[in-house]
Amino acid sequence: MADWAPIAKEYDPLKAGSIDGTDEEPHDRAIWRAMLARYVPNKGVTGDPHLTLFVARLNLQTTEEKLKEVFSRYGDIRKIRLVRDLVTGFSKGYAFIEYKEERALLKAHRDANRLVIDQHEIFVDFELERTLKGWIPRRLGGGFGGKKESGQLRFGGRDRPFRKPINLPNMKNDFYGEGSSEKRNWSREGTRDWRTRDRDHERSRDKRWPERERSWAWGDSERDSKEERSRGRERKDRDRKDRDRDRSRDRDTKKQRDDDKHR
């Protein structure tokens, strides 16, 4: 925790894939690709990397002239390189701007970030390809930032800095009595307290035992009364059925007599 910083000082794909830089296993395939990649910065890039800005999230219609018009407010520009597709020649949405003085670079880095150019909010940071050790570009699974939709968020950069890890205390040592020497050295008084506590517990258990027996006996008597009530209900049902059967017989015999008289 002493050397923790929100911005990465050395690029590690595994740490960049973690919100606080403490992950030990990659959580997506892109991190695996970045960890296995052996990237070498483009040798064709010229200029001073410590005086170069990286500008991203540009409108695809933004040109070098528009970038020069906006970024020349902060100081003299030495070179602008808008990255384009080799086949189509269309802009890829990011560029590199090299200044002549460090003062202009720092001012643009501070003030131009989140500036709106051609209806697009841009992102500005220092160049990392040649200045950050171990850098892996986004196309190989590395980089910083990223979109939530892709599920490949990267942390440790200006856009999404690391969150400070939670420094939890070591609970295991205290739980097992491995903390300070005062906790480990039990006195005789402490052992006597444990003995008296056990003795009290035994006495209270003996007191509770008759109460449990009474409760069990009460439970048995209650169960017997329920069985007697159920037997009484069954007896009443049988008597009612017998009475109904006798009544139906009386009605049948009376009807038979009436029929005999009419004949």
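Placed from the backbone N, Cα and C atoms, the Cβ positions cover glycine too.
Positions annotated as compositional bias 'Basic and acidic residues' by TrEMBL: 146-162 (among others). For the compositional bias 'Basic and acidic residues' (146-162), the list of distant contacts is 4-8, 11, 15-21, 28, 30, 113, 123, 125, 128, 138: same-chain residues at least six beyond its ends, Cβ to Cβ under 8 Å.
If you look up TrEMBL, you'll see 180-263 (among others) marked as compositional bias 'Basic and acidic residues'.
Annotation comment: TrEMBL describes 51-129 as domain 'RRM'.
Feature annotation from TrEMBL assigns region 'Disordered' to 146-263.
Mean model confidence for the domain 'RRM' (51-129) is a pLDDT of 95.
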